[in-house]
Amino acid sequence: MQNLKEILVGIQMLFVAFGALVLVPLLTGISPAVALLSAGIGTLCFQLFTGRQVPIFLGSSFAFIAPLIYAIGHWGLAATQGGIIAVSLVYFILALLIRLLGTGFIDRLFPPIVVAPVIMVIGLSLAPAAANMAMGLSGDGGTVLYAKGPALVSAGVALAATIAVALYTRGLTKLLAVFAGIIAGYIAAYSLGLTNFSAVQQADWFVTPPVTAPAFNLEAILFLLPVALAPAIEHIGDVAVISQVCDKPFMKTPGLHRTLAGDGIAIAIAGSLGGPPVTTYSEVTGAVSITGAKNPRIMSYAAIAAIILAFSGKLAAFLSNMPTPIMGGIMLLLFGSIAAMGARSLLAPNANVRSERSVIIIAVTLVAGLGHLSIDLGLVRLEGIGLSAIIAIILNLVLPQPEDDGNAN
């Protein structure tokens, strides 16, 4: 009976992560089925590598949405997969440095004044795509996909349902807000004639996910590598939070170096299969806190459920058939929430946002990231999230501390 209960809780955990997990591939043109497969296998490998000690589930990373769209459009999916595999090297290098030097240098490289504006860039850089899709356009705004009126109604219903569940429900139900928004938006879109279920009806129950082989393109690799800094920062924060939730020193046992390396292994697997890079999911951490389900074995059951769903042709058709205004409506909230979380990080005591030094770091990072500033260094092209992260780190290291502030940012 205990195993059955844990299996059911594991399925619940997958549903908590499901909305965000499938939105990333839908936005980037990657197969949702492969994303589910990558998340499932990646989470299982993470659990094995960390000795099944940390109750963490890995899902599609929002930080890579804009970079993936650009990379796939310029170099194709196979070359982008090679870049994703290379991203895992950043995690392995950080893991090795932490193993050799401890975690102190992490605090020096990634204080709140660096992390906050980078997180804000992640959310705000995706705002135009969310607005365009809510209006019935393609993400870049170049193609009209649906009439604006019905599109806005569907987007509004999806957004309203997501907000209602997030605000007015409690416990585990609160964490299913995105899932509820998808269902409500789908119903609205169907009633307005924006979609039908013929593709779902015709789809087979069992299909093999369209796994593709990677190729390695130096330009794609060098473009995606800097982006890894943002989700790596997110990983460190999530491990710290889950340590507090479970009241266990996961930063020491199994160690942050092992969790980062485990995440890196999962990212390499995702790239090998054709899925998006994976990262730790704070939604699932929230579910662990609410339910008290702290046994890491539960995340393994969630991963197995994700793998099983990856072979469902009906589910793949349902997701692929989803009108873009539904995603646009939900993303208005999700991407704005990411930016708001970044702004909230500035309230940390050692951020010292009143100093001119902090204002300079925030200002340059935001404008560089959101203004599409790019730097070409031979084959290397730095822009967007990756460039903004590098700028924030460099400015924090080289700008002098205010005389009245003895604490380092």
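Including glycine, each Cβ sits where the backbone N, Cα and C put it.
Per TrEMBL, the features are as follows:
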- 7-24: transmembrane segment (TRANSMEM)
- 30-49: transmembrane segment (TRANSMEM)
- 56-77: transmembrane segment (TRANSMEM)
- 83-102: transmembrane segment (TRANSMEM)
- 109-131: transmembrane segment (TRANSMEM)
- 151-168: transmembrane segment (TRANSMEM)
- 175-193: transmembrane segment (TRANSMEM)
- 213-233: transmembrane segment (TRANSMEM)
- 298-320: transmembrane segment (TRANSMEM)
- 326-347: transmembrane segment (TRANSMEM)
- 359-375: transmembrane segment (TRANSMEM)
- 381-399: transmembrane segment (TRANSMEM)
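Against the transmembrane segment (7-24), the recorded stretches 30-49, 109-131, 151-168, 175-193 differ in Cβ pairs under 8 Å, and the greatest number is found for 175-193. Counting Cβ pairs closer than 8 Å to the transmembrane segment (83-102), the top stretch among 30-49, 175-193, 213-233, 326-347, 359-375 is 213-233. The stretch in 56-77, 109-131, 175-193, 326-347, 359-375 that contributes the largest number of Cβ pairs under 8 Å to the transmembrane segment (213-233) is 56-77.
Sequence-distant contacts of the transmembrane segment (109-131), counting only residues of its own chain at least 6 positions beyond either end whose CB sits under 8 Å from a CB of the stretch, comprise 27, 62-63, 65-66, 139-141, 229-230, 233-234, 236-237, 328, 331-332, 334-343, 345-346, 348, 350-353, 358, 361-362, 365-366, 369-370, 384-385, 388-389, 392-393, 396-397, 408-409. For the transmembrane segment (175-193), same-chain residues at least 6 beyond its ends with a Cβ under 8 Å from one of its own Cβ atoms are 15-16, 18-20, 23, 150, 153-155, 157-166, 169, 283, 286-287, 290, 322-323, 325-326, 329-330, 334.
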